[in-house]
Structure formats: C-alpha cells, structure tokens
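Just below is one structure, and these are the notes that go with it.
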Amino acid sequence: MNTGPAATNSPAATPAPTSANSAVATTATAIVNIASLVTNDPSLGDGTPLGLIQDAAVVIDGDRVVWVGESSKAPATDNRVDAAGRAVIPGFVDSHSHLVFAGDRTAEFHARMSGQPYKAGGIRTTVAATRAATDAELSANVAHYMAEALRQGTTTFETKSGYGLTVEDEARALRIAAEHTDEVTYLGAHIVSPDYADDPAAYVDLVTGPMLDACAPHARWIDVFCEKGAFDGDQARAILTAGQAKGLAARIHANQLSYGPGVQLAVELGAASADHCTHLTDADVDALASGDTVATLLPGAEFSTRAQWPDARRLVDAGVTVALSTDCNPGSSFTSSVPFCVALAVRDMRMTPDEALWSATAGGAAALRRTDIGRVAVGARADLVLLDAPSHVHLAYRPGVPLVAQVWRTGVRVA
Ligand SMILES: [Zn+2]
C-alpha cells in the first residue's frame, strides 16, 4: 500500500494460504545468506517474540512471503538476492503521523529549544498554512515525507487530518491522505478550531455532525487530542462514540502533556491504540494491561519538546502491548525516522533492542489491528528491510547511521 489509489491490499486483505513446504514458483525471489532474520513469529527460530532465525532465507512471490527458513534449504527460484551476511527485518509500521500539512515551524522549534515550553496551540500556525495551500501542494508534501520514510524502512504509514478544522478542509485532507495510504484517520478534534474559540461546544457539534458526515467516507479511524487546551474527557467520549457509530474505529492522543482521562477512555471504548501515554497512573497502566488497547509511544515528541520520556519499561513489564511510532508532524516531532525512535526507546525509555524492534514492526501492526504486516512469515505481506548491519541491534547501537540498504514493499523493491 501507500502507492496510491491503485494499491490492491486493503487492511482486510487475507494472506493467501501457503504452506512452507508447498512448491515455490520459479518467478519468485529468494533473499539468501541473511545473517539474522527477524520474523516476529515466535513459532520460528529461537522461540523469542522476535522469532529470530540465523543463516536464513526468505522467498517472496507476488506481494507475499511464501517461504522462510534456513538459507541452505531455500528452494530454487529464478531471482536471487544475496544478503551477504546482513540482517533482514519486517518493514516498519508507523501507526501515527500527521503528514497532511503545509508551512514550516522552524521558528517555533528554535524558540522552544531556547527555553520556551511546548503548548498545544502551536497547531494553529499549521492550520493557517494548510488552509491556504492547494490540493497539489498538500499531496506533494505527503508524497515527499512518505518517500522519505520509505527510504528509512517504513512500509506502512498511518496519517491524519487535523490541520484544516473546517468541514471542507478536513474532508480535503482525508481525501488527499487516502491517495497515499489506506490507514487514514479523521482528526477534526486536533484542537478547537480558532473559528470557534469562544464556543468549543459548538465545535464539538460540528466535529460529531457535518464534519464527521463529510469525513467518514475517506477514513478508517477517528482520533481526538484529549488534553488540557484541546478536548476534555467528556468531549473526547462524544467525538469517538460518534465516529464509531459511523463505522470508524477509535484511536486517541492520550496523556501526553499531563495526567488525564484519555487512556481509561481508550480502553473503555475499545480503541485500537492510546497514543503518547507519557503521564500514566498505576490505574492507567492496569487498564492498558487488562484491555486490548495498544500503548503507542512517540519518543520523537519528547525529544523535540525536551519533555519527560514515556516509561516504556513500566508498560512492557506490566504486559501492555507497546508500539513505537514517529508522530511525524511539523510542530512537535518532525522526524520520519523509525530507526531514530528505536534508538531513543532503547537509550532513554529502557526498552531492550529486541522489544524496540518488535514494537516498531509488530507493535505498530497491532496498533492498526493488522495481521498481514509487521512480520516475515508465510502468508504475510512481503514488506522487508535489508539492513547494512549483521543484526537489528545495530539500529540502536549505531544511532543516526543510515543502515537501511534495501526495502521491499508488497514484494516490490522500492528503495
Ligand atoms: Zn500525534
């Protein structure tokens, strides 16, 4: 996916049933001599969640993985790629970004790095620039940052509206996002529109009424920024339940800048993901551990705002499913690099290198309720990254180094 309207793999696509022992077409491509293959299939390899196989091979045919195993046992294929002792991992699944925007917030970042705290209101700057941009400019911007992410190994990208905040501008943002990805999220409730500054309740009525009607056909998800200065718990509940009634699935920006009701609301409403999770009570952690809501951590935001890191160790130890994503947006986290987030998670959030890699691939897939991506196993979509390193550990061990050598998305080598 992420290739435009012609992409055929919908989120609901079911992997073709293929056995590891079935005959492999000679039109397939075998990637052999992989020193270390992360499958995220615990039934394979070393039995850990990463399902690590040493001296491995992968065979892809069409858009699917059709064979995984030891390199010496790889079936004959017409096409062969020699990994030459390097590592292969699943393509990254970036389940949280805000790419439909225009304008620039370099000055705000510069000021913040000179000592001013981050407040939610900076979004208004981007709203003004986005409203003024043409469709072509917005679409080119999305394409630019998705290509940038693809070169860094991201093969699935979620992205949101939220910089239009009118019926027309939100629907336009989602229409444009849907040209580039199937994972599109309606975030009319990013902040209260400046046009409704004196009447937030009327803005919630708009978001849950005419704006939702115009946006729902273009989106899979609905999201809300539940935070002081944005939307409170009651407003967030009204917004998410209205979206669910229109067939959208819920996700939420929760507990980023302060403690609040967002995480508990996410679990209560069965949201796929509670994103940020920086300020959590023990009850919040317990709620996440007992439900099936993924905690999506976005360390690029804490990095770029010099804020307190989310406590990934606490979440993982409590049994919470954790995803790692970029939150790529022009204000609070202008990175499209999942490897950078992996390095931050290991260095500053006390995840192990294995946990961070899992969260950036399988965790992201879980946050999007996808089973066809985030793993390298028979039947999964052929989204693979060949690293210029002998193992995935180098993503954190060699931070900032461009280690992505080759990328396959839906079986096609794209970078
Ligand atoms: Zn966000």
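For all residues, glycine too, the Cβ spot is worked out from N, Cα and C.
The Fe(3+) binding site feature in TrEMBL is assigned to His96, His98, His253, Asp327. His96 (Fe(3+) binding site) falls outside any helix or strand according to DSSP and counts as coil. Applying an 8 A CB threshold to same-chain residues 6+ apart, the list for His96 (Fe(3+) binding site) reads Glu158, Ser273, Asp275, Thr296, Leu298, Ser325, Thr326, Asp327, Ala367.
Positions annotated as Zn(2+) binding site by TrEMBL: His96, His98, His253, Asp327.
Following the DSSP three-state reduction, the secondary structure of Arg105 (4-imidazolone-5-propanoate binding site) is coil. For Arg105, Tyr163, His190, Gln256, Ser332, the entry in TrEMBL reads 4-imidazolone-5-propanoate binding site.
The N-formimidoyl-L-glutamate binding site annotation in TrEMBL covers Tyr163, Asn329, Gly331. Packing around Tyr163 (4-imidazolone-5-propanoate binding site) is summarised by its Cβ count: 31 other Cβ atoms lie within 10 angstroms of its Cβ, all protein chains included.
Taken from TrEMBL, the feature domain 'Amidohydrolase-related' covers 88-392.
Annotated region 'Disordered' per TrEMBL: 1-20, in sequence order.
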Neighbourhood of ligand 1 - binding-site residues from Arg105, His190, Gln256, Asp327, Ser332 with Cβ under 6 Å: Asp327
For the domain 'Amidohydrolase-related' (88-392), the mean pLDDT of the predicted model: 96
Listed binding-site residues (His98, Arg105, His253), ranked by Cβ neighbours within 10 Å, top entry: His253
Cα within 10 Å of Tyr163 (4-imidazolone-5-propanoate binding site) - qualifying binding-site residues among His98, His253, Gly331: His98
For Arg105 (4-imidazolone-5-propanoate binding site), the one of His98, His253, Asn329, Gly331 that lies nearest, given that the binding-site residues are compared by Cα: Gly331
